[in-house]
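Annotated features, as they stand in TrEMBL:
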BINDING   B:G49, B:D51, B:D443  Ca(2+) binding site
BINDING   B:H74, B:H76, B:H141, B:D163  Zn(2+) 1 binding site
BINDING   B:D78, B:H79, B:H390  Zn(2+) 2 binding site
ACT_SITE  B:E195  active site, proton donor
BINDING   B:A232, B:S233, B:N234, B:H364, B:V365, B:S366, B:G367, B:H368  substrate binding site
ACT_SITE  B:H368  active site, proton acceptor
Protein chains: 2
Amino acid sequence: MQKGNDRKLKLVPLGGMGEIGKNITVLEYGNDIMIVDCGMGFPEDEMLGIDIVIPDISYLIKNKDKIRGVVITHGHEDHIGSIPYLLKKLEVPIYGTKLTIGLIEKKLIEHRLDNKCLHVVNHDDKIKLGCFQAHFIRSNHSIPDASCIAITTPVGVVFHTGDFKVDLTPVKGEPIDLHTIAEYGKKGVLLALSESTNIESPGYSLSEGSLSNNFIELFKKAKKRIVVATFASNVHRVQQIIDAAKIFKRKIVISGRSMVNVIDVATNLGYLDLNPDMIVNVNDINKYKDKELVIISTGSQGEEMAALSRMAADEHRKIELRQGDTVIISASPIPGNEKSISQVINLLYEKNIEVIYDKLYDIHVSGHAKQEEHKLMLALLKPKFFIPVHGEARHLKKHAELAEKMGIKNKNIMVIKTGDMVEITRKEMKLGQKIQSGNILVDGLGVGDVGNIVLRDRKHLSEDGLIIAVVTIDRSSGTVLSGPDIISRGFVYVRENEDLMVDSRAAVQAALEKCFANNVREWSAIKSAIKDELSKFIYSEIKRRPMILPIIMEVRNS
Amino acid sequence: MQKGNDRKLKLVPLGGMGEIGKNITVLEYGNDIMIVDCGMGFPEDEMLGIDIVIPDISYLIKNKDKIRGVVITHGHEDHIGSIPYLLKKLEVPIYGTKLTIGLIEKKLIEHRLDNKCLHVVNHDDKIKLGCFQAHFIRSNHSIPDASCIAITTPVGVVFHTGDFKVDLTPVKGEPIDLHTIAEYGKKGVLLALSESTNIESPGYSLSEGSLSNNFIELFKKAKKRIVVATFASNVHRVQQIIDAAKIFKRKIVISGRSMVNVIDVATNLGYLDLNPDMIVNVNDINKYKDKELVIISTGSQGEEMAALSRMAADEHRKIELRQGDTVIISASPIPGNEKSISQVINLLYEKNIEVIYDKLYDIHVSGHAKQEEHKLMLALLKPKFFIPVHGEARHLKKHAELAEKMGIKNKNIMVIKTGDMVEITRKEMKLGQKIQSGNILVDGLGVGDVGNIVLRDRKHLSEDGLIIAVVTIDRSSGTVLSGPDIISRGFVYVRENEDLMVDSRAAVQAALEKCFANNVREWSAIKSAIKDELSKFIYSEIKRRPMILPIIMEVRNS
C-alpha cells in the first residue's frame with residue numbers, strides 16, 4: 001500500500017515555463033515517472049557564443065529507476081532537441097509518431113547514438129508507462145504528425161495539448177481529432193496543460209491550405225528564378241511550394257542542410273509527395289533556365305549561416321541571385337530575429353531582386369492556436385484544473401486570464417515556473433517543493449562548462465576589449481627583468497593610439513615602482529596595484545573600462 | 001559667370017539612406033553648401049560595445065568654406081545627435097525651431113560646447129543660406145515643433161519632408177501646414193525628399209489625440225501606482241499622461257535622465273502644461289499613497305539601464321514596484337528591441353503587476369506617415385523628381401514604387417545610397433561621383449578609434465573567449481626561464497577543466513621544444529608555432545576556436 005504522499009500526482013516542468021523553448025514536463029506518481037517532450041532552448045542575447053541550451057535533468061538522473069518513458073508531441077527542435085543529451089545520461093524508451101521518430105533518428109545518427117530506444121506509435125494508440133497510459137491524439141501544427149497527449153493517471157486524466165492549432169482544411173492529412181478531445185472532455189479531464197505561444201493574438205489562425213493560391217499567384221508573376229525560404233520542418237508548406245512549381249513546370253533545387261534532411265526524411269516516410277524527377281542537384285543549377293527553377297531554401301529567419309543569407313550576401317558557393325529573381329520569405333520573424341531578416345531583405349532589394357515577405361503578402365500562417373482556438377480547446381476539455389504551458393510569463397498570465405473567462409475557477413488555475421513541482425489529487429492542486437532545474441549551456445562539444453562567470457567575461461570582452469600588462473620579475477631581488485609590455489585586443493586601433501599605449505606602459509611602470517618602494521612583494525598585491533592604476537588611467541583618458549589582465553612571470557635567478 | 005558644372009545642384013546624403021538613423025543631407029550649388037539635419041545612428045548588433053554612430057563628414061571638412069548653415073527639421077537624436085561632433089570640427093550656424101534648438105542646447109552643454117552658433121526660427125520663417133532659401137513649414141511628428149523644409153535653389157524648389165505625419169487633431173499646436181505645402185505644389189516642386197519609415201504600413205496613422213480617452217480609461221481602473229513609460233521627447237504624449245493624472249488627482253514623479261531633461265526644456269519653453277505643484281520629487285515618493293502617484297518614466301524600449309528596466313529588475317534605487325501596480329508601456333518596439341521589451345514585461349508579470357502594452361491596447365500611435373499620408377504628400381507636392389529618404393533599402397524601394405503609382409515618371413525617381421552624389425538641373429537628375437561617407441564609431445570618449453579589426457576581435461572574444469600562453473625566454477641561450485603559463489578568460493570554467501588546462505600547457509611546451517630543436521629562434525615563428533599547436537589541440541578536444549594570444553617575454557641575461 002502506498003503512503004499518503006505517494007497518492008499524489010506530481011508534475012514538474014523542467015523547461016518551457018516562463019520561456020519559449022526547452023519544453024520538457026515530468027509526471028510522477030509513486031514509483032513511476034513519464035516525460036512529455038525533451039526540447040532544446042535557444043540562447044538568449046546575453047549567452048554569448050552559446051550554441052544551444054538544454055535543460056538541467058539532475059532530477060531525472062536522481063530518479064532514473066522510476067522513468068518509464070518519454071512521449072514526444074511533435075518533431076520540432078524545442079520538443080526533441082535535447083533527446084541526444086538525455087540519452088547520453090539515461091537509457092529510456094522514446095515514443096512518437098512516425099515523422100517525429102524519423103527526425104529524432106536523424107539527430108541520433110549525428111550524435112552517433114543508437115536508435116534502439118525509439119518506438120513509433122500511431123495516432124489513437126495508447127501506450128502503458130508504469131501506472132500511466134498515454135493516448136496519442138491527432139493534432140494540427142506547422143509540422144505533420146503532431147499529437148495531443150491524453151495521459152490517464154491514477155488521479156485522473158491529464159491532457160497535454162502539445163503545440164497545436166485547429167486547422168479544418170490542412171494541406172495533407174486530417175484536422176485535429178476534435179471528437180476524441182470532446183470525448184475526454186465529456187468523461188472528465190482533471191488537468192489541462194495547454195500551449196500559450198499565440199495567446200496574445202485575437203481571432204483564429206488561418207488554415208495552412210489558405211496559402212496555396214497565393215503561391216500560385218506569385219509563381220505566375222515570377223519572370224526568373226524563384227527562391228522560397230521557409231522552415232524546413234514545415235512539410236506542408238514545402239508541399240504547397242512543390243505543387244505550385246509543378247503547375248508552372250519548374251524543377252526543385254533544395255538548399256540548406258536542414259531542408260535537405262527534412263525533405264529526405266519526409267519523402268522517405270511518405271509525408272511529402274515529391275517526384276524525384278523534379279529535383280535538380282544544386283551543382284546542375286546552371287544547366288536550367290531561370291524560368292525552370294524553384295529553390296526551396298533555409299534561412300527564413302535571417303540566420304547568418306543559412307542558405308538564403310548566404311545568397312543575399314553573395315556568399316553562396318553554388319547559387320547566385322540576379323536582378324529580376326523573386327525571393328519569397330514564407331515565415332514571420334521569431335521575436336529577436338527581426339533585424340537579421342530585415343538585413344537579408346535589404347541586401348536582396350539592393351540587388352533589385354523582388355522580395356515577397358510576410359508584412360506585405362499573405363504567404364505565411366502560424367502553426368499555433370490563437371485566442372478563439374484556445375477557447376474552443378478549453379470549451380471541449382472542460383478541465384477541472386488548468387496550467388498554461390510553453391510561454392513566457394506574459395503569455396502564461398494571459399492564458400490564465402482566458403481560462404478564467406472560460407469558466408475555470410481562479411483557484412484551480414496555476415501559473416508556475418520551470419522547476420516548480422505541482423502536487424495534484426482528485427480534489428486539489430497545490431505547489432510542492434522546488435526541484436533543481438535550469439539552463440545547461442552547450443558550446444561546441446562542451447556541455448555545461450560555460451556558465452555565468454565565463455559569460456560575464458565574454459560580455460565584458462565584447463564591449464570593451466582587453467589590455468594585458470605583462471612583466472617578468474626576479475623573485476629574489478624583485479627587479480624587473482623584462483617588460484612591462486602592454487598588449488591589447490578589441491580595445492582601440494593601436495597604431496592610431498600609440499601615445500595611449502606608451503602612457504599605459506608608464507602607468508604600469510609607476511605602479512610597479514611604487515610597490516617595490518613600499519616593499520610590496522606579494523604577486524596578488526602587485527597585480528591589484530597594476531590593475532587599479534591602469535584602469536584609472538584608461539578611464540580618465542578615454543572613458544572606457546577594458547578588461548585588464550596583469551600577468552607576472554617570475555624567474556628565480558639561481 | 002559660373003562654369004557649366006556649377007549650374008547643377010548637387011545633393012549628397014551623408015547618412016540616412018539604406019539605414020534608419022544618422023540623417024544628414026548636403027545640398028551644394030556653386031560655392032554654397034547647406035545641410036539638412038545632423039543625426040546620430042544606433043549601433044548595429046555586430047558593433048559590440050559601441051555607444052553611438054556618427055556620419056563621416058570628411059566631405060564637409062574639405063569644403064568647410066562653402067558651408068552656409070545647417071537646418072534642423074526636429075529634435076530627435078537621429079536628426080540632432082551628431083551636432084556636437086560636427087561643431088568640434090566646424091564652425092557653422094545651426095537653425096531650428098524653438099524646442100529643437102532647446103534640445104540641441106542641452107546637448108551642447110553636456111559636451112561643454114558654446115551655444116552661440118544656435119539660431120531659433122519660427123514656422124513660416126525663411127532664411128537665406130548663400131544661394132539657398134530655407135522655408136520652415138509646420139509639420140506633425142512625435143515631437144512638437146517639427147518642420148518640413150522647402151528649399152528654394154537656383155534650379156528650383158527642393159522639398160524635404162523631414163519626419164512627418166498628417167495629424168489633423170494634434171494634442172497641442174496645429175496640424176501640418178497643408179496649405180503652404182499645397183502652394184509649393186501648385187508653384188512647382190523640382191525635387192521632393194520624403195521620409196520612408198512607415199511606408200510598409202497601409203492606411204493612415206492614428207492621431208495623437210485619439211489616445212487621451214484610453215489613458216483616462218486605464219487610469220480609472222488602476223488601484224495602486226501607475227507607471228507610464230514612453231519616449232521622453234514625445235512631449236504631447238507626456239502632456240496626455242499629465243492631463244489624465246490631473247483628472248484622477250494623482251501627482252507626477254519623473255524618472256530617467258532624458259525624461260527629466262526633456263520635461264525641463266519643454267516646460268521652460270512653454271510646450272508642456274505642467275503645474276510645478278503636481279511634481280513629486282522621487283525622494284519623497286514614499287510620503288504619498290500609491291493611489292496618489294503617476295510615474296512617468298524612460299525605458300519604453302526595454303533599454304537595460306533605463307528607469308523602467310531597473311524597476312522591473314528591482315534595481316531602481318528609489319522606486320519599488322509591487323503587486324497591483326499598473327505599468328503602461330506607451331510605445332511600440334523599434335525593430336531589434338522586441339526581446340528586451342518582452343523581458344521587462346515578463347519581469348513585471350512575475351511580480352503580479354498589471355502590464356498594458358501596445359500589442360493588447362491602443363496606447364501608442366506612430367509619429368510617421370503611413371501609405372495614405374504619403375500619397376497625400378505626393379499628391380500635394382506633385383514633384384518632378386523624387387528621392388525617398390530615411391529608410392533601409394526595403395523602405396526606399398517601396399516608397400519609390402508608391403511614387404510611381406502616384407504618377408511620377410519612373411526615370412525621375414531615384415533610390416540612392418549614403419554617399420551617392422546626385423546632380424540636378426531643371427531638366428535632369430543623374431548620379432554623379434561617389435563621396436566619402438560612412439560610419440564613425442563612438443565608444444566612450446573615443447571617436448573613430450574603434451573600427452573593423454577591433455570589432456572583429458570583440459566578436460571573436462565574445463563568442464569563444466581567449467587563451468593566453470605566456471613564456472619568458474633567455475634570448476641568448478634560448479632556454480625557458482619561466483612558463484609557459486596558460487591564462488584564459490571567457491573560455492571555460494577553469495576549475496572544472498583542469499585537465500584541459502594542463503594539457504594545453506603541455507601542447508605549448510611541445511611547440512616550444514620543437515622550435516628549439518629545429519633552431520627556430522625568431523619570436524614571430526615561435527609565436528605562430530604556439531598558436532597553431534594550441535589551436536589545433538583545443539579544437540580537437542572541445543570543438544571551439546578561442547582567440548589564442550602567445551606572449552614571449554625576453555630576458556637578456558647579462
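Note: Cβ is positioned from N, Cα and C throughout, glycine not excepted.
A TrEMBL annotation is a machine prediction, not a hand-curated record.
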Which listed residue (B:N234, B:S366) has most other Cβ within 10 Å, given these are binding-site residues: B:N234
Collapsed DSSP category at B:H79 (Zn(2+) 2 binding site): helix
Fewest Cβ neighbours within 10 Å, where candidates are the recorded positions B:D51, B:D78, B:D163, B:E195, B:D443: B:D51
Cα within 10 Å of B:H141 (Zn(2+) 1 binding site) - qualifying recorded positions among B:D51, B:H79, B:E195, B:A232, B:H364, B:G367: B:G367
Of B:H74, B:D78, B:H79, B:S233, B:D443, chain A-adjacent binding-site residues (C-beta under 8 angstroms): B:D443
Pairwise CA distance, B:D51 (Ca(2+) binding site) versus B:H368 (substrate binding site), rounded so that it is a whole Å: 25
By Cα-Cα distance, the member of binding-site residues B:G49, B:N234, B:H364, B:S366 nearest B:H74 (Zn(2+) 1 binding site): B:N234
Cβ neighbours within the same chain of B:H79 (Zn(2+) 2 binding site) - under 8 Å, at least six residues apart: B:N23, B:D37, B:C38, B:G39, B:I72, B:T73, B:G162, B:D163
Nearest of the recorded positions (B:E195, B:S233, B:H364, B:G367, B:H368) to B:H76 (Zn(2+) 1 binding site) - Cα to Cα: B:S233
Among B:G49, B:D78, B:H390, which are recorded as binding-site residues, the nearest neighbour of B:N234 (substrate binding site) by Cα: B:D78
Chain-mates of B:D78, B:H79, B:H390 with C-beta within 8 Å of site centroid, Zn(2+) 2: B:G16, B:I20, B:G21, B:K22, B:N23, B:D37, B:G39, B:T73, B:H76, B:D163, B:E195
Distance, B:E195 (active site, proton donor) to B:H368 (substrate binding site) (CA atoms, angstrom): 8
Per DSSP, three-state class assigned to B:V365 (substrate binding site): coil
Rounded Cα-Cα span from B:D443 (Ca(2+) binding site) to B:G367 (substrate binding site), Å: 30
Alpha-carbon distance [B:E195 (active site, proton donor); B:V365 (substrate binding site)] in Å: 17
Position of peak Cβ density within 10 Å, selected from the binding-site residues B:H368, B:H390: B:H390
B:G49 (Ca(2+) binding site): nearby recorded positions from B:D78, B:E195, B:A232, B:S233, B:H364, B:H390, Cα cut-off 10 Å: none
Cβ-based isolation winner (fewest other Cβ atoms within 10 Å) among the binding-site residues B:A232, B:V365: B:V365
Nonlocal residues around B:S233 (substrate binding site), in sequence order (Cβ under 8 Å, 6 or more apart): B:G75, B:H76, B:L103, B:S142, B:I143, B:S258, B:V262
